[in-house]
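Asker: Feature table excerpt (TrEMBL):
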- 133, 134, 135, 160, 176, 180, 329, 333, 334: L-histidine binding site (BINDING)
- 64-395: domain 'Aminoacyl-transfer RNA synthetases class-II family profile' (DOMAIN)
């Protein structure tokens, strides 16, 4: 701005503004200018507001999540019931932990998978993350409460910042069903029981043929050592080997050499081992291997795997167990036996069936609790996790293919009336039944037609209908109708609850 222009502005004379408009000097001109600009902004905001209102709001669940309708939830509850029943049969207690943990609790426990942890915005001065699994929170719980011996199960949601293929039963938010044993026990007894539990659950759920692969982290580490892998690269190479169930050896080798910096001849040496799988014969063969037998870790691991297979033989499940040197389990916290259950083949439900991969996994992690304990005290642990979402995908498909009708309620009886003006009597009867612990329903109409009531019971799968009419009220009875057979019988009012319980005991 030139000196002359500034003088004119101070004296209140008019001058040309930068856009060619006339402005008056002094406070009044500036105030007018502000008012004009504010008015323009308000007009613009109003227009933008209208446009925003016209935008279509998209109703959808976040990526990697889903809703479950009543039929799907009925199936899920049956699956959960089977799993919980097995856990309880083996003497487990139940615990729960927060859905989020301190970030420092989770970091450094999952190897390369740590990048999948969901971090939360700082709230109240704490850096938090959503739990990635139920194992690390369990270890934190043991250390915090100084617990050295427990057998527990925990079923809850976990979160992974992944880009999953939901068609394969993979999600960002999903349930895990965990069973773990903490405590100092003789070798391989709890480990064998964990494998027996996985076997029991998969047999009971009847989701198809499966194979439980077993290995030991000590065998892997010993193998890496004799093959010439630097100790600093053990976990990175372990993570690469873990991809062999989905990726050909040549691609895994390429990752080891190209990305992990391993010498090609070292990778080839590893390849000779990791493609081996079998049973007790393979264990005996490796115990005689001149290189592996000289490595202390590998020798210890092979000795305990041999003991494990002896116990599994006693349990009668070795025909579905495979000692597989390609199994690595990428998580950093495993220290001994590791295992994973996979479907051997897909169920022939449809032409293009869902590929679900691993349906259960676990292993021994003797050092994890010590990472949280101020004095580093170790609590040996072994556990398993059932992949409930993948199992549910298969069970749901099987139900759809069989066209089996799924009941979404557990109602035992529908209270109905045969004539008009009996709403009060229906309310009295249903209240008596509820108070006796009977699951009962009625239609929410004053004078429903009997045919409509019977049709409702048939459509929703309610097995019994308790019908009251003027004659039944006089006689002190209730007419009990079997919906499936249409058989009817008069039951004394005071015996009604017991009769319903007896008839629906098996339903």
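Even glycines carry a Cβ here, placed using N, Cα and C.
Quantities reported herein were computed from a predicted structural model and do not represent experimental measurements.
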Asker: Return the count of C-beta atoms lying within 10 angstroms of the C-beta of residue 329 (L-histidine binding site), excluding that atom itself.
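Answerer: The Cβ of residue 329 (L-histidine binding site) has 23 Cβ neighbours within 10 Å.
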Asker: Max Cα distance spanning 133, 134, 135, 160, 176, 180, 329, 333, 334 (L-histidine binders), Å?
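Answerer: Per the listed residues, the maximum Cα distance equals 21 Å.
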Asker: What residues, ordered by sequence, lie under 8 A Cβ-to-Cβ from residue 133 (L-histidine binding site) and sit at least six positions away in the same chain?
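Answerer: Result: 110, 158, 176, 178, 385.
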Asker: Here are the binding-site residues: 135, 176. Which has the lowest count of other Cβ atoms within 10 Å?
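Answerer: It is 176 that, of the binding-site residues 135, 176, has the fewest other Cβ atoms within 10 Å.
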